[in-house]
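Undergrad: Annotation source TrEMBL lists active site, proton acceptor at Asp233. According to TrEMBL, the substrate binding site annotation covers Gln75, His76. Feature annotation from TrEMBL assigns domain 'Carbohydrate kinase FGGY N-terminal' to 8-223. The domain 'Carbohydrate kinase FGGY C-terminal' annotation in TrEMBL covers 249-432. Annotated site 'Important for activity' per TrEMBL: Asp12, in sequence order.
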Amino acid sequence: MTDGPRLVAGIDSSTQSCKVVVRDAGTGALVRQGRASHPDGTEVHPDHWWAALQEAVAEAGGLDDVSAVSVGGQQHGMVCLDEDGSVVRPALLWNDTRSAGAARDLVDELGGPEEGGRAWAEAVGVVPVASFTVTKLRWLAEHEPDNARRTAAVCLPHDWLTWKLSGSTDLRDLTTDRSDASGTGYWSAATGDYRTDLLERAFGAVPYLPRVVAPGAVAAGMNGAVLGAGAGDNAAAALGLGAGEGDVVVSIGTSGVVTAVTGTPSIDPTGSVAGFADATGLFLPLVATLNGARVLDAAARLLDVDHETLSRLALEAPSGAGGLVLVPYLEGERTPNLPDATGSLHGLTLATATRPALARAFVEGLVCSLADGLDAVVATGVTPSRVLLVGGAAASEAVRTVAAEVLGVPVDVPPPGEYVADGAARQAAWALSGADAPPEWVREGTRRYAVDPVPSVRARYAEGRSRHLDKTT
Ligand SMILES: Nc1ncnc2c1ncn2[C@@H]1O[C@H](COP(=O)(O)OP(=O)(O)O)[C@@H](O)[C@H]1O
Ligand SMILES: O=C(CO)[C@@H](O)[C@H](O)COP(=O)(O)O
């Protein structure tokens, strides 16, 4: 350890990659960073995350001079461990929809969509859909009973990485935090307790569960450094952005996500809004879609252009793309809960069969699906004064422009950065300080896109939204 400023590291083990930032614990200034890719697919062996983490850490100059580390990670992924601490099978990720039938069964068993939805929402803040861990465990019990029997502990991506960083192989050392625990479907943000009765109902047994570490507390040690509790990636992003009252965070990474930090837990029996916890002791109502930035990746592939050209093309077309509408359910959808849906293009005419109209329709379809998410979050009682737009696709000028046209509140785009990793770093600094609250880190350079309403865009999208074909089997 040097005599210089104390350094902290934040890690974002997200769907597509692992990112590491090393920051000054006192000021938050960025010192160095690294990144490594994850494999594609909705089923990934956790060893790939560990390898990517080490590669990203090496690119970031190592952790030897770092005093504290926290891990933010993609939520909900099912990591099953046997009694020796070995991984039982590749993790099923949040965007794996094979457990859609299990989700339906779990809701039916508590009384069907209305009564069952209310019962789940009241018990654990969420109504099961394929993304949540509890449904993946039901799927495992039904389809891979041998693997289910070997499962002595179940944890989430960030829990597993924190445990690996601690060097422990003892299941009793597994930890998680409120934000990620609240995405399992067997932990309640409202009461702060595991619902082992619901876990047993889903899985037929209660494997060992990680200890829930309080926000700002130390989870474990790592070669003389401290490990913070870590967080689900969306809670970490809110912490990295310093989101406060009136701020709604719209993140367009692999998932499209709308969240807000609130003082009371939310309960939505329709399941549109998940009643998660945040990373500071508050709550994080959240809407997530399966179709985020990859909708634009698909458009860029289709038009054989890069993202910058895609954005330029989209901005060449008028608002509304002449009536061309993309419903972006390219990977099925989670909100609305349509795991078997496919995307559709409506309003194709000779006039709209152009590259700019197609580019615009993809951008508008993506942003309109998130505008629906914003409406759902607002319906839980959040009053937004602005949207903070982050994630890979926030770099797109077309996305920013369309967001200002359809979201109905000013859109603030913070400077390009790794906000999940930053939130994890801020949490690490908090754990290091032992203080009651995270350190204040000043961030400058946010660019505002004023509201520029074009109501016809959402109205036209709403016409197309409910018309789609399901996947062929
Ligand atoms: N300029 C851009 N315009 C649109 N999408 C982009 C742009 N740059 C990156 N992306 C997309 O953003 C996604 C990565 O975003 P990120 O927030 O890192 O995702 P995740 O956290 O899910 O791994 C990729 O699908 C990538 O192609
Ligand atoms: O499922 C959710 C939230 O409920 C997703 O937001 C995952 O947490 C993955 O995030 P990204 O990799 O897209 O950032």
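Glycine is no exception: its Cβ is also placed from the backbone N, Cα and C atoms.
Burial and contacts for the listed features, if you can.
TA: In the three-state DSSP assignment, the secondary structure recorded for Asp233 (active site, proton acceptor) is helix. The Cβ of Asp233 (active site, proton acceptor) has 33 neighbouring Cβ atoms from other residues within 10 Å, across all protein chains displayed.
The 10 Å shell around the Cβ of His76 (substrate binding site) contains 29 further Cβ atoms across the protein chains shown. For the recorded site, His76 (substrate binding site), the DSSP three-state label reads coil.
Around Asp12 (site 'Important for activity'), taking its Cβ as the centre, 29 other Cβ atoms fall within 10 Å, counting all chains.
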Undergrad: Compute the C-alpha separation of Asp233 (active site, proton acceptor) from Asp12 (site 'Important for activity'), stating it in Å without decimals.
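TA: Here the two Cα atoms are 7 Å apart.
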Undergrad: How big is the Cα-to-Cα gap, in Å, between Asp12 (site 'Important for activity') and His76 (substrate binding site)?
TA: 15
Undergrad: Any idea what DSSP makes of Asp12 (site 'Important for activity'), helix, strand or coil?
TA: strand
